[in-house]
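Okay, so here's the structure we're looking at.
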Amino acid sequence: MKSSGPVERLLRALGRRDSSRAASRPRKAEPHSFREKVFRKKPPVCAVCKVTIDGTGVSCRVCKVATHRKCEAKVTSACQALPPVELRRNTAPVRRIEHLGSTKSLNHSKQRSTLPRSFSLDPLMERRWDLDLTYVTERILAAAFPARPDEQRHRGHLRELAHVLQSKHRDKYLLFNLSEKRHDLTRLNPKVQDFGWPELHAPPLDKLCSICKAMETWLSADPQHVVVLYCKGNKGKLGVIVSAYMHYSKISAGADQALATLTMRKFCEDKVATELQPSQRRYISYFSGLLSGSIRMNSSPLFLHYVLIPMLPAFEPGTGFQPFLKIYQSMQLVYTSGVYHIAGPGPQQLCISLEPALLLKGDVMVTCYHKGGRGTDRTLVFRVQFHTCTIHGPQLTFPKDQLDEAWTDERFPFQASVEFVFSSSPEKIKGSTPRNDPSVSVDYNTTEPAVRWDSYENFNQHHEDSVDGSLTHTRGPLDGSPYAQVQRPPRQTPPAPSPEPPPPPMLSVSSDSGHSSTLTTEPAAESPGRPPPTAAERQELDRLLGGCGVASGGRGAGRETAILDDEEQPTVGGGPHLGVYPGHRPGLSRHCSCRQGYREPCGVPNGGYYRPEGTLERRRLAYGGYEGSPQGYAEASMEKRRLCRSLSEGLYPYPPEMGKPATGDFGYRAPGYREVVILEDPGLPALYPCPACEEKLALPTAALYGLRLEREAGEGWASEAGKPLLHPVRPGHPLPLLLPACGHHHAPMPDYSCLKPPKAGEEGHEGCSYTMCPEGRYGHPGYPALVTYSYGGAVPSYCPAYGRVPHSCGSPGEGRGYPSPGAHSPRAGSISPGSPPYPQSRKLSYEIPTEEGGDRYPLPGHLASAGPLASAESLEPVSWREGPSGHSTLPRSPRDAPCSASSELSGPSTPLHTSSPVQGKESTRRQDTRSPTSAPTQRLSPGEALPPVSQAGTGKAPELPSGSGPEPLAPSPVSPTFPPSSPSDWPQERSPGGHSDGASPRSPVPTTLPGLRHAPWQGPRGPPDSPDGSPLTPVPSQMPWLVASPEPPQSSPTPAFPLAASYDTNGLSQPPLPEKRHLPGPGQQPGPWGPEQASSPARGISHHVTFAPLLSDNVPQTPEPPTQESQSNVKFVQDTSKFWYKPHLSRDQAIALLKDKDPGAFLIRDSHSFQGAYGLALKVATPPPSAQPWKGDPVEQLVRHFLIETGPKGVKIKGCPSEPYFGSLSALVSQHSISPISLPCCLRIPSKDPLEETPEAPVPTNMSTAADLLRQGAACSVLYLTSVETESLTGPQAVARASSAALSCSPRPTPAVVHFKVSAQGITLTDNQRKLFFRRHYPVNSITFSSTDPQDRRWTNPDGTTSKIFGFVAKKPGSPWENVCHLFAELDPDQPAGAIVTFITKVLLGQRK
């Protein structure tokens, strides 16, 4: 039967003459029938020259093709009649515009299709499409583009899309870019937000929350607002966002939202359900479960021990199965396994063991690759993404249908699964552990690109449409192949038209108002805009999303607790515009910290911007400094994008010196560390708390959980004397890129820096020096005033105009490694009591109050019901993750922050014995001090000691003191050689009265080797106006102690490396006690001895130098009267946090400080066992009755340890229900100083720093400083072995991998004798014989780690002797994420590897923290 009507026309359009499935024949091409036409309303584009036809042109009567009159003869396309009008919609071969929930076509056609709703031409269109624009709802549009379109056509379609959106919605639409950033998106659309993530992946959970919150904020601000979701490639991203927002909007949905929810569900089922990956479905389920409360959130970190994957022997014919794993945390690579090889038929399951266990928290992605037989390619076996907040057991299993890539791979068995084994501790799991078959071998030494590539390191690092005239490429593959993709820019790019002028403010929401289910010809009435959610709905949303990192105007749960209360910033309200576009995310801020749980938002001050989640921001100094690039290091390397993410984010104020940031300065960033912003500048606008906080400020201390930081009067940094400038920051997981080389080297004012090449005839040919002299308004106690660095041995100059001697910015080093049995050096005569090494087998434990069992203290009657104190639980011993390669990129306290008020030079707490031969000739330089009145310099003879320098900055000419040189001491049997250092030129100033104001009667106890004598120091004679014979007593309250002893002289261009008294096999020792440097008040002067001051020892005399922990330089000259406990108030608690919070203190150090104190004395430190928690060490009167027998000092048993856990509500002592949450550590300390609650006794708040309470000691002879060693540098000759690329790996594992590669390669590398020099600028290698190279320099900011081989392997020399192997890890030039380990072996027995490594780690790397 012959068809008629619409069906006949449909079949004709499809090229079929009847209803049978006969093959269609091509129609005969017919000539065009052109006629002249004037184009007025919408001029088309010429079909030949692609230029818009302005005015008159020609148009074909049949096919409607348009062209210029002059181009008419050049038309080559055939003329074919268009299909009927009712069938034209959804059949265009180029782009498809579809309306779900709408019945009108985009061109306002009144004609409607009579086809049934179920009929679809989608299968015909899947072959070729360039744009798929779908109205998901009336206010949510989805714009999808193919993955790899022609770039020029793609730009044209983007312009058409922008034109359509502008014509329909004007500036009322907000475009969410879910793919890589593009310049033209920002250029063509008024408001764009970038929330991109890699294709076929699930977005981070907090990013999912952020997108939904931003959509909600935009749509609720104005009923006419529209959201456009832009996606390029797989449409699964659209499904993830639409599904997530569907669940999000149901929280506060009304009756008018039911239809929108239905259409969103219909879109997901019909359009994107088949394109969703298993991980994307999993994250949608996570999001829905967290919103509904069906998923209980687990906020504790997990340690991954094993990954069990199935064996796939037939994965690649001829090659077998060679898998390896890559583990990412928040899209940053944290682990790469070795390549596993299976010989013959092996077991059904392969066990990949992670040693040590890998700490994971947050979004985790595990990818398994198969290394190809040729070794140059790799194939993705499976990929799985999950979030640790949803894991509540020790095992996590994923079957095949939940594994990305594997779920559609027939080579992956249907019954196979992937299993992860976790625990809450890094210790090995006891009991039966999975083991591999003996036929399984592992290759850890591979350096092939297929294994090393990190496919995600360059995502969103640049704009996708960036064209700079050169080849654009990605350094790593994005599809699993080992090769980068190179794209040539188009030869001719048409100019992008400028956006249309802003339209009138009032327009209709949309012309698409009727819903397709009605099938009516008349549009229905417009649905009113959604009202903004009520306060109750917002609170409910906050409660549900509290743990996800984003709340409805509140701060997330991931933010760590501050030592001092935050001056919280209020939230943004939903208004007609958000003021953060383009490029920034709206509506995400922090709550005031006054209330527990989830609170309502407060008002917001002006002048802030939101730092979007999942973005990478170029770091700026909040106090007005600027990033600078050191000499000899490219600026691009200085601005390495440090991947950071925080589960909480808030409003950031613009520093006054910077102004508003430029748009588009954000890229993708993966999590790792919490952001810290300094808000102490008095010039910043005040941030007011909510009214409830202001009322609580008037309450007594005991009633406050959140305490406010009071400011003192003053100017500049002196007004903040003694106050922490940063809140403590908690790293969430171990990362391989850890030291400030990742973009944290800041110069105060690069505008004032100048490069000075070496003058003719001067030494220092190894590099040129540079000078920085910032203005006073950029002053910071931790920054140099005028510091001259040089590769040679230049002496820093002093800038009297700046009023401050240069300070080195240092912090306690945290170098630790794997101690090996019997690895102590013969020189290790003693160990500093300040930093005892951890015994290998010792377990650490905390006392956690619980309801039943464990250690019990007799409690007062009114506290008896609170529950006894619980037994201690065993924790892990300290591992290498706590060292420089562990968690310490950002400072944990105000005292060791980068560029903070720290003057410590990171001298080791164990004795550092210096052997420094120096030639007699001078090698110093003079630098311009830029003083209003040039201060004359004083030349000291080698026999004179350098007098102290006044820091008053008055420019007064100094009086030249006279005196004898230092007295020699008796020889020490263990002292290595130390020839004299070179003389120095110093501008000298003397304070009135003959000696400096800051001298303190208290002094630290030097830690020396047994048998080393201490002689009284005979300083220079007093000046004429002081009593005769009274020396200027230089008590270095902030400098290391030095003890001298004579040795036969030696001669060498630079000092040798100081020999450490005690170091492990990898050359690293325990961190010193953290220093406390208090800024002087407006009327005070700092201590008399700056870091750069030192006496110049006499020629021919060697000196034995010993460093001790650094102490405060703000010691009062007269002791203050004791403060009564009852007089404590808010300000007192805030000001004393520097006395009891010691972040880098070890447990043994805390015991040593507290064991001689009265009961109630306490210290709080960062927990090394539980990341993000604190440890409370408390001295008690008697041990608990159930305490275990103690073999050591019984006094040490009186120091008990408690764990302070952190959470969304604040901090609390773990294990006791009666313990409330406190807004800060200060609040917790204040309350427990009044009432012990669950503690054995009340806390006694100290009135002074316990590190300063040391007995007086004789002043050692010949004061010298670590700064002298840095200026002169230390050098020796070593054997250079090789350099091994370690991808993103650093720390001891990088050195171990490089050592394994060097020792296993055949033939072994030929060593070369090189001159190894360490100075303030970095490490310089000079091959005197020029066999391998001439000279190589590694700037200090590129060096991330240094140690000896953790496995204590040795290099075998040709004569049969062996030498210890050591190395340092530095950034690979031109690659911000890859590292290279440079390997060496000892050459001179007097310069052991441990001494070199200790010098690098403790002095060189520590001075820039």
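Placed from the backbone N, Cα and C atoms, the Cβ positions cover glycine too.
Since we're looking at a predicted model, the values are computed, not measured.
What Swiss-Prot says about this one:
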REGION    1-35  region 'Disordered'
COMPBIAS  9-20  compositional bias 'Basic and acidic residues'
ZN_FING   31-79  zinc finger
MOD_RES   T91  phosphothreonine
MOD_RES   S118  phosphoserine
MOD_RES   S120  phosphoserine
DOMAIN    122-294  domain 'Phosphatase tensin-type'
DOMAIN    299-425  domain 'C2 tensin-type'
MOD_RES   S455  phosphoserine
MOD_RES   Y456  phosphotyrosine
REGION    462-536  region 'Disordered'
MOD_RES   T474  phosphothreonine
MOD_RES   S481  phosphoserine
MOD_RES   Y483  phosphotyrosine
COMPBIAS  491-506  compositional bias 'Pro residues'
REGION    562-582  region 'Disordered'
REGION    812-1098  region 'Disordered'
MOD_RES   S820  phosphoserine
MOD_RES   S825  phosphoserine
MOD_RES   S830  phosphoserine
MOD_RES   S832  phosphoserine
COMPBIAS  900-918  compositional bias 'Polar residues'
MOD_RES   T910  phosphothreonine
COMPBIAS  930-940  compositional bias 'Polar residues'
MOD_RES   S931  phosphoserine
COMPBIAS  968-982  compositional bias 'Pro residues'
MOD_RES   S972  phosphoserine
MOD_RES   T977  phosphothreonine
MOD_RES   S991  phosphoserine
MOD_RES   S1003  phosphoserine
COMPBIAS  1046-1056  compositional bias 'Pro residues'
REGION    1111-1130  region 'Disordered'
MOD_RES   T1182  phosphothreonine
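Across the domain 'C2 tensin-type' (299-425), DSSP assigns 9 helix, 71 strand, 47 coil. Around Y456 (phosphotyrosine), a 10 Å sphere centred on its CB holds 22 further CB atoms from the protein chains shown. A coil conformation is recorded for Y456 (phosphotyrosine) in the three-state DSSP classification, outside any helix or strand. Across the zinc finger (31-79), DSSP assigns 3 helix, 17 strand, 29 coil. As a whole-number mean, the pLDDT of the zinc finger (31-79) in this prediction is 83. In the three-state DSSP reading, T1182 (phosphothreonine) counts as coil.
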